[in-house]
């Protein structure tokens with residue numbers, strides 16, 4: 001503790017999976033492939049929604065923003081993680097660490113709010129179909145999205161300023177894939193009670209509120225689906241919602257595991273695996289989850305593929 005009290009940290013050294021140095025190159029190649037697929041998949045989804053008129057609906061408007069945010073979210077974490085894996089560690093200045101933490105929190109918060117908005121959109125479409133057009137107007141859609149970005153910025157700003165008002169001392173090594181709050185708190189000098197409270201406040205005002213909104217929306221949706229007389233109608237409606245529920249479960253499940261539990265002395269290998277799920281795997285899977293289970297997206301994709309062939313005919 002004496003050494004921790006006298007050595008002030010001005011930079012951090014990230015080391016991920018350092019106990020298995022032989023994993024460095026295979027993980028680098030694996031995550032590089034994941035990152036390229038993430039960029040192509042989400043950029044393709046944004047482009048597809050933009051060019052196909054059948055996808056100019058509120059649901060795909062929100063999905064387009066989710067794909068854009070996932071590109072930014074993944075790009076905040078993965079390039080730095082690739083450097084860490086390739087070089088078996090990388091130094092990160094105090095300012096860069098704070099910037100990465102801010103951007104991660106900003107985009108992760110927007111993801112939470114967008115997933116909640118998509119659940120509300122499905123609720124209105126299934127339970128209030130006659131009012132759908134009047135509720136989900138273009139003005140309302142932009143208002144919802146602007147609110148998600150604004151709330152994400154506020155959450156990220158407050159958490160970043162609070163976290164980096166701490167003094168970090170002693171060992172500057174973070175055995176984690178990026179500058180996240182739980183591993184950073186382990187390097188603090190003295191009491192970090194205020195920052196622990198910030199974690200709880202963030203959890204209360206972002207994750208659980210969004211999860212409750214999603215669960216309530218889908219409770220009403222399930223009740224409405226059960227009232228549909230035809231089995232085919234029930235299956236079609238549920239299929240539209242199932243992709244969203246899959247993405248929600250993966251994203252919120254891993255985040256809640258990381259943020260709603262005790263602050264252990266050292267991040268475990270399981271923590272790093274879970275962090276890979278919500279920073280690398282979720283943005284990778286989202287475009288596939290929504291396209292493979294969605295008839296409109298699949299038809300739009302086939303149309304986009306056939307367009308060059310049609311234009312090349314005499």
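Cβ from N, Cα, C; glycine included.
Curation plays no part in TrEMBL annotations; they are all automatic predictions.
Pulled from TrEMBL, these are the features on record:
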- 27-49: transmembrane segment (TRANSMEM)
- 41-290: domain 'G-protein coupled receptors family 1 profile' (DOMAIN)
- 61-86: transmembrane segment (TRANSMEM)
- 92-120: transmembrane segment (TRANSMEM)
- 140-158: transmembrane segment (TRANSMEM)
- 197-226: transmembrane segment (TRANSMEM)
- 238-260: transmembrane segment (TRANSMEM)
- 272-292: transmembrane segment (TRANSMEM)
Relative to the transmembrane segment (92-120), the stretch among 27-49, 61-86, 197-226, 272-292 with the most Cβ pairs under 8 Å is 61-86
With the cut-off at Cβ under 8 Å and a gap of six or more residues from its ends, the chain residues touching the transmembrane segment (140-158) are 58, 61-62, 65, 102-103, 105-110, 113-114, 117, 198, 202, 205-206
Give the mean pLDDT for the domain 'G-protein coupled receptors family 1 profile' (41-290) on the 0 to 100 scale. 83
